[in-house]
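The annotation region 'Disordered' is assigned in TrEMBL to 1-25. Per TrEMBL, compositional bias 'Basic and acidic residues' is recorded for 1-17. Annotation comment: TrEMBL describes 50-486 as domain 'Major facilitator superfamily (MFS) profile'. Annotated transmembrane segment per TrEMBL: 51-76, 88-110, 122-139, 145-166, 178-201, 221-244, 290-310, 330-349, 361-380, 386-409, in sequence order.
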Amino acid sequence: MGDTTRNRHGNDNDEAKAPSSSPETVYYEGCPGCAMERKKENSTGTPYKEFFYVGVTTLASALPISALFPFLYFMIQDMHVAKNEEDIGVYAGLLGASYMIGRCFASLFWGVVADRIGRKPIIAFSMFSVVIFNTLFGLSEKYWMAIATRMLLGSLNGMLAPIKAYSVEVCRPEHHALGLSVVSTGWGIGLVVGPAIGGYLAQPAKQYPNLFSEKSVFGRFPYLLPCLFISLIAFAVLISCIWLPETLHMHKNLEREVEMYCDSGVSPHREVPHSEKKSLYKNWPLMSSIIAYCVFTLHDTAYSEIFSLWAVSDKKYGGLSFSSKDVGQVLAASGAGLLLYQIFVYRHVHKYLGSIISSRIAAVLSIPLLATYPFMTHLSGTKLGLAIYCAAVMKGAFATTILTGTCILQNSAVPQNQRGAANGISTTAMSLFKAIAPAGAGSHGPKSVNMLLSFQGSNDISDFEYSRSNWACANLQAIPGNSKTI
């Protein structure tokens with residue numbers, strides 16, 4: 001080991017000139033990243049405690065994103081900002097989009113900062129921002145305050161990029177798929193549970209008059225209770241961040257100490273090599289995986305929007321004539337199947353097929369699966385239920401395989417000191433595509449606001465998904481080599 005370190009510091013002596021076997025690098029004492037690497041080397045098991053932190057942190061971050069949707073219409077109505085009822089949707093759309101707009105502009109910044117000062121400070125600060133600004137949103141009585149707090153919440157909650165990097169840095173390579181599945185699972189549960197919290201706890205004085213009076217603080221601020229409940233969850237996660245281990249390598253402050261060790265004849269343990277920073281935008285494996293990730297994000301978001309409209313539309317317009325309860329049951333079953341797939345199945349799929357092959361297979365299989373949707377309008381009863389439930393679960397499994405696989409490719413394509421920035425670029429681009437998706441889905445579905453449920457024909461959902469699946473498959477084919485090559 002003395003060979004490598006002493007030559008780097010320019011110490012010419014007999015020991016440095018002595019022949020050496022394979023050059024060893026060193027774990028720096030006092031470096032949290034090196035401590036994590038040493039822990040992973042000594043333990044081959046699954047890091048359940050670290051994954052638990054990842055899961056609950058992701059869950060707490062995702063809850064406020066969609067919690068407002070059940071009461072958004074009534075919130076805009078109570079603010080008296082819309083001149084007539086038809087304008088409420090416009091103001092609600094702007095308020096709902098403000099979070100993503102803030103996140104779009106700030107994600108790259110937080111990713112870069114996470115590469116400089118560590119993952120833990122950014123994760124903790126993100127939870128702090130949820131506690132403060134989500135509570136302030138619940139206290140909003142004016143439209144401008146609601147917009148401002150949501151945009152600040154999105155821009156200051158920079159957790160998504162660092163947590164993706166963190167989830168693969170706390171485990172060995174064979175557990176990377178499970179780590180990113182934990183992120184996806186926590187995020188998905190948050191997006192499902194969030195609206196439930198908003199629906200059950202909003203306007204408590206009206207829903208639960210025996211518990212909350214109109215003169216209480218929750219009567220004056222009817223949307224504070226769900227926001228406060230989520231903020232308390234985020235506060236508990238913020239406290240748990242005290243025990244969150246850091247994973248970023250911090251060697252610069254320790255170089256002088258290492259030099260003193262070497263001069264005294266005492267060598268540190270083993271050094272984890274640092275990679276020089278290269279332009280992320282010229283990293284084709286990274287950029288191609290981000291492109292595929294964004295296209296499938298658009299695909300999945302648009303599918304989620306258009307599926308509900310298609311399912312509740314009348315059969316004479318090519319729909320299924322489902323009730324809202326029926327759609328909810330399909331989505332619930334799909335979510336339960338997706339949860340089981342992510343936890344118990346996906347890591348084995350990734351182990352045997354790898355990230356690229358599994359993503360390509362899932363993308364190709366998505367095309368015939370989505371092409372079957374228009375034909376379901378000719379089914380009824382048990383046959384329709386069986387077909388739609390199976391299709392929804394399979395669609396969710398394919399989407400998870402593709403999105404998790406591309407996330408693994410993104411994190412494998414860059415060294416650790418650029419992983420936060422790479423995930424920041426990915427999150428920024430993904431936020432843009434999530435904003436575009438509803439417009440794209442709408443252009444293939446209803447042709448006017450007055451005919452929201454009247455699709456032009458039974459092939460609209462199929463054409464929309466087919467075109468995006470083909471586009472995404474082309475991007476997956478463009479990713480060079482396999483996960484080992486990257």
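The backbone N, Cα and C atoms fix where each Cβ goes, glycine too.
Residues 175, 177-178, 181-182, 184-185, 188-189, 192, 308, 311, 322, 358, 388-389, 392-393, 395-397, 400-401, 404 of the same chain, all 6+ positions outside the transmembrane segment (330-349), place their C-beta atoms under 8 angstroms from a C-beta of that stretch. Mean predicted confidence for the domain 'Major facilitator superfamily (MFS) profile' (50-486): the pLDDT average there is 81. Contact between the transmembrane segment (221-244) and the transmembrane segment (145-166) is absent: fewer than three CB pairs lie under 8 Å, with pairs separated by 6 or more positions in sequence. Non-local neighbours of the transmembrane segment (386-409) in the same chain are 164, 168, 176-177, 180-181, 183-184, 285, 289-290, 292-293, 296-297, 299-300, 303, 307, 311, 320, 330-331, 333-335, 337-338, 341-342, 345-346, 349-350, 355-356, 358-359, 361-363, 365-366, 369-370, 372-373, 376, 379, 426, 472, 476, 479, 483, 486; each lies 6+ residues outside the stretch with a CB under 8 Å from one of its CB atoms.
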